[in-house]
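*Asks:* Below is the structure I would like to discuss, written out as structure tokens.
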Amino acid sequence: MTVTGCSSPKADDAKTQQKKEAENNTITLTQTQIRNAGIETGNPDQTNLSEVIKANGVVDVPPMNLASVSVPISGYVKSTTMLPGSPVRQGEVLANIYSMDYIQMQQDYLQAISRLKFLTQELDRQTVLNQEDVGARKKLQQAESEVSSVQAQTKALQIKLQLLGCNIDNLRKNNISSTINVVSPISGYVKLSTLSIGKNVMPTDVLFEIVGTAHKHLEVKVFEKDITKIRKGQKVLLINPVISSQPVWGEIILVGKTVEPETKSINLHVHILDEEMEARLTVGQFVNVKILCGTRTALTLPEDAVVRQGTDGQIFIEEKANTFKPVLVKLGETEKGNIEIISNEKLESVKIVRKGASIIEAMHSGEEN
């Protein structure tokens with residue numbers, strides 16, 4: 001006996017409809033499904049978006065907040081406790097240098113002071129004698145010359161010693177020191193230390209590099225093709241989740257006047273407007289930025305209208321009543337909940353799902369499976 005099955009015409013029609021929709025890559029929903037899912041359709045918007053230039057920047061400080069520390073005399077490292085990253089204050093001692101030349105310079109100064117005192121007394125004596133016509137005027141002139149010479153020598157030695165941090169008042173009391181205190185010229189932190197105990201140092205050696213923490217800014221490079229769009233005073237958006245989840249804004253203060261031949265770019269000096277965010281930045285840190293150069297009109301949809309697929313997106317066009325077709329589009333800028341859509345198709349007057357695209361995508365994927 002052979003048993004055969006039969007199906008109703010309505011079931012056959014439904015299967016045929018689903019097959020046609022699968023072939024056409026569309027999905028048809030009932031009015032009830034659309035209402036329950038809260039799906040809304042409409043035309044895309046013509047929106048004025050900020051025209052932006054994407055660029056990279058690095059956190060930096062101005063030249064007055066960068067210091068290379070050296071000593072203008074030779075010697076040996078007696079002590080140091082500073083490591084890269086150590087915070088320092090202006091005037092804080094970074095290291096002690098033992099120097100025979102320093103000792104000799106102090107000795108020379110004291111001897112010059114003593115000789116100057118003697119020569120000054122001799123000049124006074126020759127002045128009196130010259131007034132009484134007792135001695136020759138030549139001796140007076142010689143005494144004046146010697147006083148001027150030793151005064152210059154004494155003054156030069158004093159300035160050199162002061163540059164080395166010598167306390168002249170203590171030295172005049174014959175308190176000769178064997179060590180030089182190397183101090184930080186600015187407040188900040190130690191970027192580089194080249195010292196070790198006993199190391200011989202020369203006047204040309206950089207002992208420390210200090211980076212100040214005030215007046216941090218961004219040095220941003222913009223390619224040659226975008227130079228004409230850049231102006232002083234334009235706002236800059238910093239994009240770095242490490243800094244803040246909230247927008248951090250800056251402003252272009254200086255625009256470079258020359259193009260770097262290697263990178264074909266110009267340099268922008270960007271001031272950070274939020275002082276709290278500025279303090280959280282680290283010198284040398286890389287930051288992505290968007291430079292706002294004006295406005296332009298673009299085709300946009302609400303974010304709920306787009307199903308993101310990497311850098312692209314998928315939208316749903318209403319081909320006919322309650323029937324929707326997925327279309328891939330390129331995504332541009334996002335601003336205030338609106339996403340720029342870029343497509344070869346003319347979408348200005350096309351009805352598109354503006355709300356509930358993800359729900360339709362889930363239903364569509366379910367049918368395909």
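Just so you know, glycine gets a Cβ as well, placed from its N, Cα and C.
Automatic prediction, not curation, is the source of TrEMBL annotations.
Pulled these features from TrEMBL for this protein:
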| type | residues | note |
| --- | --- | --- |
| COMPBIAS | 10-23 | compositional bias 'Basic and acidic residues' |
| DOMAIN | 66-210 | domain 'CzcB-like barrel-sandwich hybrid' |
| REGION | 1-28 | region 'Disordered' |
*Asks:* Do you know the mean pLDDT across the domain 'CzcB-like barrel-sandwich hybrid' (66-210)?
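*Replies:* Here the predicted model's pLDDT, averaged over the domain 'CzcB-like barrel-sandwich hybrid' (66-210), is 90.
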*Asks:* By DSSP, what is the split of the domain 'CzcB-like barrel-sandwich hybrid' (66-210) into helix, strand and coil residues?
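*Replies:* Summed over the domain 'CzcB-like barrel-sandwich hybrid' (66-210), the classes give 64 helix, 34 strand, 47 coil.
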